[in-house]
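Contents: one structure, followed by commentary.
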Amino acid sequence: MSQQVVIFDTTLRDGEQALQASLSVKEKLQIALALERMGVDVMEVGFPVSSPGDFESVQTIARTIKNSRVCALARCVEKDIDVAAESLKVAEAFRIHTFIATSPMHIATKLRSTLDEVIERAVYMIKRARHYTDDVEFSCEDAGRTPIADLARVVEAAINAGAKTINIPDTVGYTMPFEFSNIITGLYERVPNIDQAIISVHTHDDLGLAVGNAIAAVHAGARQVEGAMNGIGERAGNCSLEEVIMAIKVRKDIMNVQTRINHNEIWRTSQTVSQICNMPIPANKAIVGTGAFAHSSGIHQDGVLKNRENYEIMTPESIGLNQVQLNLTSRSGRAAVKHRMEEMGYKETDYNMDHLYDAFLKLADKKGQVFDYDLEAIAFINKQQEEPEHFRMDYFSVQSGSSDIATASVKLACGDEIKAEAANGNGPVDAIYQAINRVTGYDVELVKYDLSAKGHGKDALGQVDIVVTYNGRRFHGVGLATDIVESSAKAMVHVLNNIWRAAEVEKELQRKAQNKENNKETV
């Protein structure tokens, strides 16, 4: 049996389903590139048949990613399979992941079918997918509640049909680790052709057992683990990939398996996902939480000072967290800033040096000293906002005092036109949002406002993340500045640009669809 565990990331498919606002194509690509740097073997990046936007995202990522295999999800439906293949065909190599429910409950109440019909349908769809690629994965949805004899029948038929990877999902997070281990062992005992496929697992955290179930399955012989960075996903989330990866590395003495992951990229990838998805990482989160390597007890602190291994089973450096932070000033040149970015693991292609250095100088003039966390924050924000902007803040002013009423004046560039407005609001942030909305004419509703500090002390940068609804859809915006009102204004301008870009994308997709129809009529 292979000692290599395939890491299958579903942050951009199962993980994204849990987000309050959908990600843009650019944001998804940014996460995909981070996952590629980290070395995931397979990344599932969308469900192409679900929407034209998802199709475009999958296609864009498939065209860009070279070192990880790109995968798309499809139900056991002909159209799903065909659309998935169409979105992926620009990739050098790709995988189609198809699935159908196998538990008695799902078959009877959801599918209104029989096990024999489910097997027949699965076999047909796997063969259809094989017309497009040799790399087909099949999932037995709700496998955790499927009798082992039924599960073995489905798995054997799927392998005979050509599936190279068989995924065993604990879809509702119901199974206990010892049960999940027995399921994997049972399949190895009952399925005669099981050596012709890789057995995969996909676990959910409804009972807090997703990682435990994944580790138990690997110990029992599974050789692919599916999950998401930071454990994001439906309901209570997916299996946290960073936890499984580090468990395999730290406990190699009993696991006897390995992954191809670049462990030095774990921290950075986790932060990228957290920031783009607007999902803060709990301080006590294993591996990547801010408290994961903190020691507050006097006894523990004394022990760590004498020997870190007394209370640390891994080091911050083992996940790419460099705790030595160099401060820069406004006198630091471009070379010094570039060198520091390289030391933190960034390549020149990860950021625009001109934009980064300009933002660095402005921040250094305000703060005096700029630290690593400042550089990372402005690099992230610049990456988020480097797309063409229709709206740009030219000027703003807010007047407020001890009363609830504040007055804001704003001047915005709207395309080639400069517009100005003023408005009152319940506090400075509300006032500036009212003024911005008057300028743009967008009737947006603020549904979430988060403020977080990037750095320490009174000079910390303030990052504002907002979620708004517009025409029934949710959009995310982010702003960063030393002033909270300025951060808030930047976040609103960013979200309005995202709304504008989404509308432009929809227009382009409609234009392409119309051209396609016109070409059909001509033929």
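Here, residue 1 is simply the first one shown, and the rest follow in order.
Placement of Cβ uses the backbone N, Cα and C atoms for every residue, glycine included.
The domain 'Pyruvate carboxyltransferase' feature in Swiss-Prot is assigned to 5-267; the stated evidence is sequence analysis.
The Mn(2+) binding site annotation in Swiss-Prot covers D14, H202, H204, N238, and the record cites sequence analysis as its basis. All protein chains considered, the CB of H202 (Mn(2+) binding site) has 29 other CB atoms within 10 Å. Mapped onto three states, the DSSP output places H202 (Mn(2+) binding site) in strand.
The feature region 'Regulatory domain' is assigned by Swiss-Prot to 392-523, with sequence analysis given as support.
In this structure, D14 (Mn(2+) binding site) is part of a helix by DSSP.
Secondary structure at N238 (Mn(2+) binding site), as computed by DSSP, is strand. For the region 'Regulatory domain' (392-523), residue counts in helix, strand and coil come to 52 helix, 57 strand, 23 coil, using DSSP.
The average pLDDT computed for the region 'Regulatory domain' (392-523) is 86. Taking Cβ-Cβ distances under 8 Å and a sequence separation of 6 or more, the neighbours of N238 (Mn(2+) binding site) in its chain are T10, D14, G15, H202, T203, H204, D205, A210, E226, G227, A228, G231, I232. Residues D14, H202, H204, N238 make up the record's Mn(2+) site, and a Cβ search at 8 Å around their centroid adds T10, P169, T171, T203, A210, E226, G227, A228, G233, E234, G237, C239 from the same chain.
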